[in-house]
Ligand SMILES: *Cc1c(COP(=O)(O)O)cnc(C)c1O
């Protein structure tokens, strides 16, 4: 509880919510620093041009990706996931919480992104590709006019094998960085925190990735990775806490989503608001996507981050204005959650500050809740997500029940029935079947004990 006094000095008015946060109750927090897009964007260190540049780079790599990851061939090497309506789940939510959800309910299935089965297949893979391109251009092995499928050759793999890549991860980022780097020929080391699952470590080791395990949490794994990389000039460290490249790789999702919404004939404009609910760990994934969406839809999109009640690091950083200067441990929370990827005690300061003018709010969700929603999504829609990926699912209910101030303030109450809610389903496809069955069983048990107390 080192920092609690400092917190009190910062935001007296927020103390009731802070106390709830400390007692691990589920809360919805509305961001008082949300601005009109027009003024918010003037404070941003990144622009639409940066996102477009990332988009172009991914297009250059598409022929290579299609060649080395055949599952991406149908999409010509573009790593993208489906957007689906989930009407049966919507019905369940409405009945279970006695709360109508006005507007459409959709699931963005990043759980089914090719190559690494999670949201990290966006930012993580993008950053590795960008680094590889820089090296190859520098050494005049490649021009940006080339067909990048030439990278799938012994010549390039030998070249990249002189370089190494390192990353600290709770698991999913390690999968993305590890799989992509190893495929290109890099020496790659993943520093895994204690909560990382065994199957993820095994899978990476099978792909010739060095996995180093730590008995501490994510922040420590990152610190160790950074330290080791610092001493080696041929080693590139993927810095999940500060990387602009990761952030931009995620932001590309927005223009892809726009196309998918158009294909589903869902309009987003001043009469048709869009609400997006994104599970948040250190912040890069949800931050990048929210940033990309704000660039496209400006004040017509409303982004909310979702975090576990035991790891609400971004909420705490934003609420107190302390960003990465405070951790959930500082307010006495244990940062223990089954939500892989969300067990982060200290948020990215870069993401927190970048997203501050754009984020509508942030809420917390208990692990029990994640499991019961996981089970219901299987029963209603036949879709299997990992627990963390369910954090967004309760968003529309929370907003309708606890966010009426927000809806009124932004003139949204009347528009809700013409709007759309997108739950960002951030992972799940790579989870082994027996583990998925355990998740489902846990959800089932929790549902039963709730019904028969
Ligand atoms: C990493 C991850 C997130 C959150 O992304 P951050 O960039 O860490 O905020 C959400 N869901 C899953 C499944 C993840 O692996």
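Note that Cβ sites are derived from N, Cα and C of the backbone, with glycine treated the same way.
The model shown is predicted, which means the values in this text are computed figures rather than measured ones.
Annotation source TrEMBL lists domain 'Tryptophan synthase beta chain-like PALP' at 100-396.
DSSP assigns residue 120 (N6-(pyridoxal phosphate)lysine) to a helix. Taking Cβ-Cβ distances under 8 Å and a sequence separation of 6 or more, the neighbours of residue 120 (N6-(pyridoxal phosphate)lysine) in its chain are 172, 173, 175, 176, 177, 285, 341, 427. What TrEMBL lists as N6-(pyridoxal phosphate)lysine is 120.
Confidence for the domain 'Tryptophan synthase beta chain-like PALP' (100-396), expressed as mean pLDDT, is 96.
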